[in-house]
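Feature list (source: Swiss-Prot):
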type    : residues                                                                                 : note
REGION  : 1-180                                                                                    : region 'Large ATPase domain (RuvB-L)'
BINDING : ILE19, ARG20, GLY61, LYS64, THR65, THR66, GLU127, ASP128, PHE129, ARG170, TYR180, ARG217 : ATP binding site
BINDING : THR65                                                                                    : Mg(2+) binding site
REGION  : 181-251                                                                                  : region 'Small ATPAse domain (RuvB-S)'
REGION  : 254-329                                                                                  : region 'Head domain (RuvB-H)'
BINDING : ARG307, ARG312                                                                           : DNA binding site
Amino acid sequence: MKSISCSKEYSEDVRNLNIRPEQLDDFVGQKDLIQNLKVFINAAQTRAEALDHVLLYGPPGLGKTTLAQIVSKELRVSFRATSGPLLSKAGDLAAVLTTLNAKDVLFIDEIHRLNRSIEEVLYTAMEDFCLDILVGEGPSTRTLRIDLPPFTLIGATTRLGLLSAPLRDRFGIPLHLEFYSFEELVDIIKRGARVLCAEIEKDAVQEIACRARGTPRIALRLLRRIRDFVEVKDDKKITCEIAGSALSKLGIDKMGLNKLDMDYLRFLFNTSGPVGIDTISIALSEDVGNIEETVEPYLIKVSFVKRTPRGRVLTDQAREYLSINSVVC
């Protein structure tokens, strides 16, 4: 079986990691955000200070983790990463914060999932660079203050509305990541193909970009899966025909919609009036959070669904799409 990949001396994991850009100048998309971030980083370096705390928010797969890593590289400081669900008690947070050196970057993914007791400990760490820890029990309880070096907290969330106002307001640099344009996705897919040493036709790149939902993570995942089909079929190049066939087998339609998206749309189509998210969740046997994070943002972006105070409503554009593609039942 022939392979369209480069020599096997490089592991698959290494190649996949290299798909991510390592500096702001190589980051495709989010142009205004990147320009502003460059200004903030340069200003912090000029003052020899830690960068102000950064909050990255937007739908999944748009590059929040990658941006956080790039920021630490641009600042030439260490990068520590954790996530909201892993910080279940104050001691967990203290263990992370006390290992930081001056100006280091601490990245907390899914920061909206921090419980309130952890948030309260984080407030003083972010504002005053210190930790107040309760020592002892009962009447002998006392507060022990631990000083921390100035550091940069970068929080990432797909659910900005779930962050408490006090925590949200402590981020001096809130940055909203938006869906990527078709042209930006084309550039990202081309770069990914080069890193993976996969030969791909221009039309195939465009086919993937059309079905990637404006999301780099999805675009690169589809590229890797299509490459699998090509290698197994003993082909040398990813053509538009092969890409289209592979994507159809993966259940991805021309708009980038998958089975869950179509089930969601069909349910709204067959239900009269606005529908609440809890009702949709029960009907589809899907978690509310998953629907709100991974399904609805793109459907709203392409004007297939509207959110109203009374619930979700299917648009005429979506009804026409479902009818044309004969997927209503």
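Residue numbers in this text run from 1 along the chain shown.
Note that Cβ sites are derived from N, Cα and C of the backbone, with glycine treated the same way.
Owing to the predicted nature of the structure, the values given are computational and were not obtained by experimental measurement.
Under a cutoff of 8 A between CB atoms, and with a sequence separation of 6+ in the same chain, the neighbours of PHE129 (ATP binding site) are ASP147, LEU148, PRO149, PRO150, PHE151.
TYR180 (ATP binding site): 24 other CB atoms within 10 A of its CB, across all protein chains. In this structure, of the binding-site residues ARG307, ARG312, the smallest number of CB atoms within 10 A of the CB marks ARG307.
ARG307 (DNA binding site) sits 28 Å from THR65 (ATP binding site), taking the Cα positions as reference. THR65 (ATP binding site) and ARG312 (DNA binding site) have their C-alpha atoms 30 Å apart, to the nearest angstrom. Under the DSSP three-state reduction, ARG312 (DNA binding site) is assigned to strand. Within the set of binding-site residues (ILE19, GLY61, THR65, GLU127), the lowest number of other Cβ atoms found within 10 Å of a Cβ is recorded at GLU127.
Along the region 'Head domain (RuvB-H)' (254-329), the predicted structure has mean pLDDT 90. Here the CA atom of ARG312 (DNA binding site) lies 37 Å from the CA atom of ILE19 (ATP binding site). Secondary structure from DSSP puts ARG307 (DNA binding site) in a beta strand. In the region 'Small ATPAse domain (RuvB-S)' (181-251), helix, strand and coil residues by DSSP number 50 helix, 2 strand, 19 coil. Annotation note: GLU127 (ATP binding site) sits in a helical segment as assigned by DSSP. Straight-line distance linking the Cα atoms of GLY61 (ATP binding site) and ARG312 (DNA binding site), rounded to a whole number, equals 24 Å.
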